[in-house]
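Working notes, beginning with the structure itself.
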């Protein structure tokens, strides 16, 4: 079985390494020898052990011997057009490209079905953690109700440093960049955009209808302070950046936000660059998946597992995917209910509201500020509350509480 | 698609409930309507909503319309003979029967392959947690090196009660029986036999060659005391019953034993009746799966996911399984190295051995006893050490330390 690789960056070179280093192992698991026939990349790799590089996409598209292509170039241009053409030409495509799956997955999956080939994307969420396949396969006997995950290793590393080492956001980000966990421009990670694409893919797959990532309310971690971390600790919680999606009566809720998780929550113990994804189903209850959510070999191993799956199911379309979204299916997030954490200026002793829980602060004494947990309320009610509080207080920070 | 169910106990009735309650959901996921045509059970169920009971196995075997049978009766007699005949007759079989898979899986999988049908057993390990399918599918790009799991909910509940509520083993067992978590005769759980069958299945699948559960060194939790729990706590650990299998140079190690896990270990936080399974691979690093390892609906949902998988891949043998075991493949466990915990009588102050770590005891003061951690040594060396120590001390308890 000859395959092509498009993009020879972090993931692409990992795919090459796994296939080149374990031909026998892959052979026995897939039932066929897997051989890399072409690698597309605009750069030169004079020291690479591979000698099948090309700069011309047509060399892959028109090579009838190549039946499977790993698209690991990222971005939507030209990945979208390339993938479309490959599927239309009857080739299978596997990808780690979350941006492309989140944006054009509906169309690409439809083309794959029509052409009786496969478009698989296990590597697009959670790196090497098996999550896509369990969602459409192992958990298929369940009506799924919630998907909740720590889906971005960079932000989880930063938050872990803030919580465990007491570093400020800026220092933790700087450290992450030095370790190679964060990019020079960390926007996509710290603003939650990466998590957003991943939860959009998970929500689409879990609940069966397309959820557009661009419509998901997304909040990053740049405003989290060490005071927030200390107040969270005071109520037995930790702050994590969470992508979440829940089935509602006539649609779904989806959002990305930093949230306080109580320490008993299965996701609360997931630290550093690890990812964890929790799925709730009517029969199974809670299931959680945990592992390295990024990195060359973990992500590449997920790409290769998709390749092996296709080799095992040649000439067979694997049923997975979702239907087109419909207006109103993604519900207004302001209707979703939570308990909220608010940190605000003023005198705690003077603050008296029934149903509110004052949070004792054991960190370094901060004058004239305090924090409370609200009763359960909708986002809309919370906005109203904040508007009202602003007349007497400055609001220094807000977070949702994810209780279980 | 018509199916048969053999055994209408806890799991079988769950399978019936899931299929009966969500015909549309299952329909869309499998592409075909799934209908229960026959249920085999020797008992009568006059109040059941199902009216297709039979006491005669031939009614299922000879019904050509039944293409898939769920064997959820447990035990090997008559499940082995029934399963064999069904596979030989060209029917697919899915099962939750760990005893049968651990004992006769090699033969049954071979028959399934020869007859181009499937013998699937996702429900045999970890209840509803997806673990079997990830092992042969999502993680297929990895050379797996270790599988480590809390695989029995009953014993994990008992240990959690001992650790968190300070109950003795006997009290915790009694409580588990009252809650329906433990059977009247708890031997299979508390002596580790249930865990042993499960780790045998996981080891066979992960490393590709049959591991006979009857040859696996197995130790239960009946000897664990609250003193052991307190010493474990003193070094930042918890005691868990672990099934473990590791690839070695020319074979595998496998064992079931109570072990001290440091609290940073991903399995350390898995409490109550939950199960957790950790898999290590060369590319992925550590992955963990967590969820309800038992119970009617979780286990039944795994059975139904296998049924859906078969409906999706009709006329197709799904490649999974292992080859026959070979002599010496399961290595002598006494060669495997660990750090050991020993609790023994005598005077801690007089005990001086280099490389040993004294464990400070913060629990209620116990006269004339203390505990140490040994350096890394083989089981054989540990036996020798114990023999020597017995000349001056009584050995009150021993455990392995699982460090990561």
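In case you wondered, yes, glycine gets a Cβ from its N, Cα and C as well.
DSSP assigns residue B:198 (active site, proton donor) to a helix in the three-state reduction. Around the Cβ of residue B:198 (active site, proton donor), a 10 Å sphere holds 26 further Cβ atoms from the protein chains shown. Residues or ranges marked as active site, proton donor by TrEMBL: B:198.
According to TrEMBL, the NADP(+) binding site annotation covers B:6, B:7, B:8, B:9, B:10, B:11, B:12, B:13. Its Cβ taken as reference, residue B:13 (NADP(+) binding site) is surrounded by 21 other Cβ atoms within 10 Å in the chains shown. DSSP assigns residue B:13 (NADP(+) binding site) to a helical segment in the three-state reduction.
Reduced to three states, the DSSP call for residue B:98 (NADPH binding site) is helix. The NADPH binding site annotation in TrEMBL covers B:98.
The L-homoserine binding site annotation in TrEMBL covers B:183. Secondary structure at residue B:183 (L-homoserine binding site), as computed by DSSP, is coil.
Marked as domain 'Aspartate/homoserine dehydrogenase NAD-binding' by TrEMBL: B:7-122. Secondary structure of the domain 'Aspartate/homoserine dehydrogenase NAD-binding' (B:7-122) per DSSP, as helix, strand and coil residue counts: 52 helix, 20 strand, 44 coil.
What TrEMBL lists as domain 'Homoserine dehydrogenase catalytic' is B:130-308.
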Residue B:98 (NADPH binding site) as reference: those recorded positions from B:6, B:10, B:183, B:198 with C-alpha within 10 Å of it: B:198
Could you state the CA-to-CA distance between residue B:183 (L-homoserine binding site) and residue B:9 (NADP(+) binding site) to the nearest Å? 14
Count of other CB atoms lying within 10 Å of the CB belonging to residue B:12 (NADP(+) binding site): 24
Env. residues of NADP(+) site, Cβ within 8 Å of mean position of B:6, B:7, B:8, B:9, B:10, B:11, B:12, B:13 Cβ: B:5, B:14, B:15, B:41, B:72, B:73
As a whole number of Å, the Cα atom of residue B:12 (NADP(+) binding site) is distant from the Cα atom of residue B:198 (active site, proton donor) by 20
So among the binding-site residues B:6, B:10, B:11, who's got the most Cβ atoms within 10 Å? B:11
